[in-house]
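Sequence annotations record features per position, and here TrEMBL assigns domain 'GPI ethanolamine phosphate transferase 2 C-terminal' to 289-697. Under the heading transmembrane segment, TrEMBL lists 240-261, 282-303, 315-333, 345-361, 387-407, 419-438, 450-472, 564-582, 605-632, 653-677, 689-708.
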Amino acid sequence: MVLHFLGLDHIGHVEGPMGASTAPKLREMDEVVWKVYQHLNASGRQDWLLAITGDHGMSDQGSHGGASFFETSTTLLLISPKFADVPTESACELNGNVYSQHTDQTDLATLIGLLTGVGIPSGSIGVPPARTLLAFWPQALERLRVLLQLQQHLNHLVTFVLIKSGRSHLFVPNEVADLQQVKNEIMGLLEVCSGPVSKSSNECGRLDSRTDQITRRLLSLMHRFQKRVLLSAVESNLQVVGISIIFMWVIALSFCLPAMCEILCTQDIVHLETTRDQIYTLMVKLLAAFTLSILGLHLSSLFSSSLVEEEHQTWYFFSTSVLSFVIIVMAVADHASDRLRVRGTRILSITLILIVDRFLLRHLNKTGDKWIHLPDLTDWLNENETILWSSEVFAWLLLVFCVRLVLCHPAPRFRSYHMRSVGSLLLVAVSQLVYRYASSVPSGGRSHAFSWTSAVWPARIAYVCILLDLFTSLQMTAALVRWSNALSADADHSHESPVITSGGNPSVSPLHAFGLLAMLLGRPSGTLLWAGVLLKETLLTHAFHSELVASSRCSAHAQTKMKYFLVMLYWIQGWTTFFQAGNSNKFNTIDLAAGYVGLSSHTNALFLLLTVSYTFAGPIFWQLSLFYRFFASQCHRTRWSERNSSNHLKGRFGSLSLGLLTATTTVSATVCFILHNHLFIWSVFAPKLFYMAVLNIVFIPLLVLIDVF
């Protein structure tokens with residue numbers, strides 16, 4: 001009989017190992033195990049085994065994709081009356097008849113196959129514990145037959161290694177000969193000692209000791225083979241991998257080089273009419289070149305294991321440095337048509353973004369490797385429920401009244417659309433607060449009730465409210481597009497972008513619905529994080545839209561360099577948000593609870609979609625916002641020639657986005673190729689490459705769709 005308990009696994013993913021539902025579920029499992037044990041013990045039989053184990057451990061966050069001790073270690077409890085008569089030299093006595101002994105998880109498949117009689121799995125490299133062999137096959141002849149099965153299985157694996165896979169270095173010749181000698185001894189003892197007692201009494205007098213000796217020899221051979229196979233489990237054709245990486249470099253450089261040449265070009269500056277225009281264009285070029293250089297510095301940092309582990313520090317530093325440089329450019333390099341009040345507003349917006357980043361968002365979640373265990377602002381909020389709820393309400397008030405009502409305040413002609421979007425955001429706020437309350441209160445008072453089960457329908461209602469907010473935002477965008485088409489023939493407004501702005505303020509972005517989705521999928525503190533992110537995005541739109549207008553009045557070259565800079569800035573902000581959400585380059589920081597929000601049962605497709613959307617919400621949100629805010633408006637020109645021109649411009653900047661993505665992936669692949677024998681290849685470099693590979697799968701189709709539409 002096999003009992004598979006999934007409840008504890010789901011609870012761990014949603015609430016973590018210390019969640020409120022963990023203890024009741026463990027008590028329920030204890031009751032089941034106790035009933036099974038009582039039934040077996042009362043049967044009077046001695047040939048039973050009760051095995052209790054888990055397929056993995058769990059981190060403090062509820063994940064199990066990393067390499068930490070708590071994720072890779074789990075308990076294997078074997079209960080049987082047969083263990084009472086087994087010598088205890090190889091085990092540590094804990095209490096009475098309870099002993100502790102280390103074993104590998106791969107050993108369990110081999111052991112269960114032998115005990116049940118179904119046979120050893122053909123590819124298993126597991127080694128059954130010696131204590132279990134002694135307990136369940138105490139008779140020498142019985143154990144010899146089991147040892148013969150093990151020898152034949154190991155011989156099959158050795159044959160595969162030596163002949164088919166070509167990895168002959170895993171076994172040396174004397175070990176192969178020793179394995180064959182073990183088989184001959186087992187066959188000889190079985191042939192002689194299975195006969196009449198009169199024939200075998202002299203030859204089998206030392207059968208027990210010889211069986212013990214054969215057991216030790218065979219298990220030693222199996223252990224040696226197991227370790228070598230695990231160390232050499234994956235061997236790749238380095239030549240094929242190397243050619244693939246060269247091909248990746250060609251693709252990455254083809255995307256990046258055109259933008260790099262335009263950013264670093266200096267011929268356009270000398271043709272400007274005024275000195276002020278020349279200074280402004282030069283400062284914009286320096287800003288773009290500086291940002292390009294630090295992104296190149298990030299690529300070189302991927303060769304360092306420590307910098308990959310603490311990559312969040314790199315992005316935090318880059319974000320602060322670039323925004324500080326922006327303030328310097330805005331303060332020093334003014335344009336003749338740029339009013340002081342407008343310039344001061346832009347500088348104030350960037351300063352506010354720096355303050356929100358520095359003193360709030362980066363302190364919400366500790367991440368990385370060295371300091372992830374330290375308490376952070378999220379831990380403090382979780383310990384103070386009143387403050388946590390107050391912060392959530394504050395975050396929603398900030399979004400509704402500050403971001404949506406004030407910063408996105410439109411021209412009077414769009415007032416009705418705007419008020420609908422404010423109302424839809426209020427519905428989203430109420431629905432998500434109801435969901436948070438439902439998920440924080442255990443349902444039904446039952447010992448096995450999950451708090452997340454009672455929150456299924458509130459979460460689904462919240463999904464509907466987010467779709468409603470998306471619909472109202474798209475309605476307002478459609479109205480702005482119609483206005484844009486009406487103004488497109490007006491030369492006095494040719495520099496404006498009505499989809500981005502209305503009445504001097506950023507419009508309501510439909511992409512904010514994606515941020516609202518990330519709020520719903522995340523932990524309660526994620527509401528505060530994404531409120532800050534949406535505030536940052538709106539302030540950046542406000543600041544850089546007016547900056548683009550100023551640069552367009554200076555020269556087309558200055559505007560082009562400013563747009564290239566925006567592509568790189570939004571790339572930096574995307575990764576900054578990724579790490580501010582608590583993610584890292586380790587698998588154990590992936591919040592699998594996001595994949596269960598609104599689901600009453602596990603569905604692979606929906607679980608994968610929700611988990612990936614939440615994990616990469618930062619990079620996806622910022623890149624989509626970039627193209628909506630600064631490039632989408634140019635696709636609604638009425639004249640075909642202008643539309644072709646705008647699509648060409650959008651393609652150039654989209655190529656830079658693809659270049660940044662493919663360059664990072666290519667460098668990660670190159671690092672794994674060069675350092676494939678490095679100590680941290682599987683724990684540091686390979687996970688980074690995996691993250692980038694998944695982001696490519698998600699990101700490239702999105703960028704292609706953006707370029708098409």
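Including glycine, each Cβ sits where the backbone N, Cα and C put it.
Just so you know, TrEMBL annotations never went through curation; they're auto-generated.
The structure displayed is predicted, hence computed values, not measured ones.
Looking only at the domain 'GPI ethanolamine phosphate transferase 2 C-terminal' (289-697), the predicted model's pLDDT averages out at 84. Across 387-407, 653-677, 689-708, stretch 653-677 shows the highest tally of CB pairs under 8 A with the transmembrane segment (282-303). Of the candidate ranges 419-438, 450-472, 689-708, 419-438 contributes the most Cβ pairs within a distance under 8 Å of the transmembrane segment (387-407). Between the transmembrane segment (605-632) and the stretches 240-261, 419-438, 450-472, 653-677, 689-708, it is 689-708 that has the most C-beta pairs under 8 angstroms. Same-chain residues lying 6+ beyond the ends of the transmembrane segment (653-677) with a Cβ under 8 Å from its Cβ atoms: 236, 238, 241-242, 244-245, 248-249, 251-253, 255-256, 258-259, 295, 298-299, 302-303, 563-564, 567-568, 571, 623, 626-627, 631, 685-686, 688-689, 692-693, 695-696, 699-700, 703, 706-707. Counting same-chain residues at least six beyond the ends of the transmembrane segment (240-261), those with a Cβ under 8 angstroms from any Cβ of the stretch are 292, 564, 567, 652-653, 655-656, 658-660, 662-663, 665-666, 669-670, 673.
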